């Protein structure tokens, strides 16, 4: 027993020792083919989100009839299908088409968590992909404003749900020592989706082919839908529903080990504070272990008792009202909203316009290069999440973003083009190295076991609200404050650094909810 565990109540110390043994067994787990395939398929959900975020940026002038019409369009393939060459739209109409994606995202993220807890991660993913296909087809075939609006709403609902389910899926399939690295793939995939959009725009952003950009998102959804048949349901969700046999089979495939080793890992989940829905589930598992001659402690752990109530899933209202979830909920709210209030979407949504002031002829190319840097930095920084930990990366990332925001302000106000571009790139790099991938990863780690699904949904909803606020608020603030608006982002980012230092616990290598919170505040850790 470790020194720290001697200070805990006897029952809790036994639980942590069991969990530590299970964790040490997992240290040798490598990337099995089934784990790699499962990660790839799950990350296609995040890629869809990134794709739809950026799909309207480049072809805006062609969609809205602001570019010169092509006289040969009527003889083209799309023209012969009866599809309009463009759709006359005002700036406000196009703005609503763009932003209704966030409204759909709010709807999708609100319902995704409870549905994923009730019906499983895979069934909800099938539904998400189906809605995504429908939305893409609607966008591709629309000849009017309302059709485009409806297509974007459907795409938003699909992506809002996907961005909740994907981190859950990844977290619940990953070995403990790989959770940070694999969890970061969520943000890598989002950035890859944005990059794919911009790459296709360089080919299809014209009066003849812009509709193919909108349809391609549906092809990604279709690919995701088909590949879902090749992977299994989350083993943790199967355990939460008492389906121990299937959970052992799935875990054996993911880990590449024997059923006995998988059974030991599941025992660790059961004896810790991982979600167990009913005591009959635990009894069934206990009986199966006794029949196999296993020495399972029959005393029901306190952390397990707290998790028994999920035969009826926790609702968002219950999550909001119950005082025992107050502190984790407050931290999740701050992290997920601060990710946007540090100003990242001022660059993602309006970066081309900002850069165009300094480099009018090469702004699109520079923006494309920035996206490549974003993908590479997110990918190569993912191992650091497990090596350095979540908290240090959040602090360093937001601090560097604060400095970069200040220098972006100087570059704009002081008419210094090179300083502007250099610090925009560094700003994106800082975001990719911490504040980008970690917030969605850390939600489930900070959450009470029975609230993992609804907490992921709640946190994502807060992120959507902040995204909407920045997306609409930045143009107005920028028109009044010009470059000085980035001083606001700088102030928010540095304040967030201090908040993380004071109020956010480190989750790296921690075994369960109680283990994460006990070093920060035992009153939170042992709240049942």
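Yeah, the Cβs are placed from backbone N, Cα and C, and that goes for glycine too.
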Segment assigned the feature transmembrane segment in TrEMBL (from 64-83, 124-143, 184-203): 124-143
From 12-33, 34-55, 210-231, the residue range that TrEMBL assigns the feature transmembrane segment: 210-231
For the transmembrane segment (94-112): best-contacting stretch of 124-143, 210-231, 364-381, by Cβ pairs under 8 Å: 124-143
Selected stretch (most C-beta pairs under 8 A with the transmembrane segment (419-443)) from 124-143, 210-231, 364-381, 393-413, 455-477: 393-413
PLDDT averaged over every residue in the domain 'Major facilitator superfamily (MFS) profile' (38-508): 83
